[in-house]
Amino acid sequence: MVVPAHRRRTVPLGKACVTRTSSSTEPAADPARSARPAALAEGDDAAADPVAAEQPYVAMLYGKLDERRTETAALLARVLREETTGTPQAVSERDAAAQMYSEQLATLSAVENGLCFGRLDLDPDRPPPPPVDGEPGPIDGLDQDVLYVGRLGLLDDEHDYEPLLIDWRAPAARPYYTATAASPDGVRRRRHIRSRSRRVTAVDDEILDLEEAARLGASVTQRTGLTGEAVLLAALSAGRTGRMGDIVATIQGEQDRVIRSSANGVVVVEGGPGTGKTAVALHRAAYLLYTHRRQLARRGVLVVGPNPTFLRYIEQVLPSLGETSVLLSTVGELYPGLAAHRHEPAAAAALKGRTEMTKVLSTAVRDRQELPRRPIRLVVDGEPVVLDRDLVAQARTRARRTRRPHNDAKRTFIREAVDQLARREVDRVGRDLDGRSNLLDRGDLADVRAGLRADPDLRAALDALWPTLTPPQLLAELYTDDRRLRAVTRGWSDSDRALLARAGGPPEDLLDGSWWSPADAVLLDEVAELLGEDDTAAREAEERKREADEAYAAGVLEILAMEEDWDPELLRPTDVVDASVLADRTREATYASAAERAADDRTWTFGHVIVDEAQELSPMAWRVLMRRCPSRSMTLVGDVAQTGARGGASSWGEVLSPYVASRWRREVLTVNYRTPAEIMAVAADVLAAIDPSATPPDSVRESGIAPTAVAVDEAALVTEAAARARAARADVVDAEGAGRVAVLAPGERVDALAAALGGGAGPGAEVDLESEVVVSEVADAKGLEFDAVVLVDPAGIVDASPRGLNDLYVALTRATRSLVVVHPDALPAVLDRLSG
Ligand SMILES: Nc1ncnc2c1ncn2[C@@H]1O[C@H](COP(=O)(O)OP(=O)(O)OP(=O)(O)O)[C@@H](O)[C@H]1O
């Protein structure tokens, strides 16, 4: 464990104490009451052992948790055993109940570690807090003077449902995160409780009441707004595991404000590296689900991250907070059934992300609504039929005028074409000899129409002129057909057009993820809007599945019916259930949550959308997300100084104005919890070069290890970098027992470095989060953190892209402990601080 060289003033541990008061005189048979220690009070004994004092209460809470688990498991088992009447409503009610109990059970299992992490001792004479916007204050109406705060709420069902443990998201828990000596909110003491495997291991007290502090001989927390500093610093100094953990026990005041801010509208959370934007975004998701459970459980919450590695890095956080109904996805993965992972040049991704692609794609769709070059001659029912250019053009205009998507408008196209052909036919056949009146009536017209409509050759001809298309088909045929590509990119340079073009034909499997890049997946979503849903295939697949399920269920029932020694007094399975009902039961037993259903449905709209590393998204990707969130209830977290993608954001106003004009609000996080002050000083010089007006975040700690730069010859670069990485790893293990090192380098150096270190990931590949030494280019390490970073060839990183300085800034700010820069060329001027 690193001992921070620079510690801020903290409250001495164990100075506060606990005494038994009236509430501990309750009958001993009542575990909840007898375990509850009394509030901080006059006459408390500073020498008492607070760890031992808290243990019985914490043990009682775990007992309650076990009881709730047992009850819920029994309820779930009962629901699963229950027979329903078999009606769709009964089945769906049973499945909803099973879904609910499964989720509750998952939540109860998730909160095992650190169930209770805090305690508030309130002033019994606290004045009623001022109402906020007419609403009562957070602890208004609570008659308890001691509140325990934890990962979920537990009530005492034997005593009027008094709260035993307050969920960290409940209004009453808020002072745990926000109370200060200057504004104590009725809190006299805040106690941080640390535990391991149900055992309390330490408590850290903060006395917020000046008189009380003087009496106990404790100091009052005075650090600029940090809450629970000792616990916070302990959490920050621990070795990295490769996975992000939750911060529920140490959320800071400025973070709490963002987490609990209103769900309405768009909020942009800005902050430098390491200010907890990701942590805040995830805790906000948990908070919103708690506060608006009904609405959000139905529509779901979407959390978008920049790449699959990042999603794996954060995937544990929400389950550890007991929330499992959130969909984590990259924008590219939102297209159902496709895991696009082709790596492509940054210039191609940037081009595909530009807004003008909307025009290209809509032209590509119109290009598929063709006119015949010469008349198409057919014979229907022995009569000649001619599809000429004028007739088709008229039908096409009518269909386009509907403004419906291509596949939907096709119905109009066919109806119009058939109608015109039928009229022509009736005109031709029915005109009497003098050519003035028509012998055929409306009924004949309808018959002719029906005959034409049923004719397979005519149908095929019309299909060819206005084909039913799927998004992957349209886009793959566009990329691989030079004529089509030219037709939709008039005025483009050849080099730009070449960025879209693909050699060979479309892939055999149109949803082959290795053929498509994430930027393509975003375009597929746009194309899907232009084409409209063609759900024929999905419906057919559903029907086939249903038939297969029924056949399987029939087989199961047959086998059961063959059972010879079945007691004639008992109902046979076939007496109470038929194959179709059994198939339903098996199928619906998947209890899909909103998040799961949303993942399979491109048109799903979410109750709230959270976007992390939001600065990286292209204008086309924003369109995808805005379609998924028509309510515009969104949280966007990012830092434009870290934008690496060429098509990424330079300003939030620019990104958001097409969707919400200026109706969005900004929150700023200012404290850096990751990067030690020594490294941040170097990064701050780079930030100043990116944006002289930007303020670097204030590092919460120092590591005591100065960052260094090592000059090497090009020939020795790989060996030296590998040696430095191994040394850094040994240091980390020495200091913390475990930890991870990253070697960050320009893309073209990654393979050689990875070979030298026996691992690593080529550009665009997923980073192995479990690996002790990760080799990666900067873009793939976005949002991640490591104990130590070896940064290779900073000049190469700067020169590799128009946003090279931003990439350098990101690379410099990934380390929680130490940084070594290995450079073959002169150090870029922005790193002058390292040359001394
Ligand atoms: N209140 C807190 N208590 C404990 N740890 C915290 C707190 N806030 C942030 N952290 C830790 O600080 C680190 C950085 O947080 P996070 O990744 O959320 O920052 P970020 O602003 O998203 O960074 P970047 O912009 O560089 O991706 C993480 O390890 C996180 O767990």
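Here the Cβ of each residue, glycine as well, is placed from N, Cα and C on the backbone.
What you are looking at is a predicted structure, and each value in this text was computed from that prediction instead of being measured.
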When TrEMBL marks a stretch as region 'Disordered', which of 1-47, 330-376, 424-470 is it? 1-47
Check each residue in the chain of Thr278 (ATP binding site) that is at least six apart in sequence and keep those whose C-beta is under 8 Å from its C-beta; list them in sequence order. Met244, Ile314, Asp612, Val637, Gly783
Let me know the model's mean pLDDT on the domain 'UvrD-like helicase ATP-binding' (250-676). 86
Other CB atoms within 10 A, centred on Thr275 (ATP binding site): 27
ATP site shell beyond Gly271, Gly272, Pro273, Gly274, Thr275, Gly276, Lys277, Thr278, criterion: Cβ within 8 Å of Cβ centroid: Asp639, Leu669, Asn672, Tyr673, Arg674, Pro697
Reading the DSSP string in three states, the entry for Gly276 (ATP binding site) is coil
Indicate whether Gly271 (ATP binding site) is helix, strand or coil by DSSP. strand
Cβ-Cβ under 8 Å from Gly272 (ATP binding site), same chain, 6 or more residues apart: which ones? Asp639, Ala641, Leu669, Thr670, Asn672, Leu687, Ala694, Pro696, Pro697, Thr813
C-beta crowding around Pro273 (ATP binding site), within 10 angstroms: 24
Among the binding-site residues listed here, Gly271, Gly274, Gly276, whose Cβ has the fewest other Cβ atoms inside 10 Å? Gly271
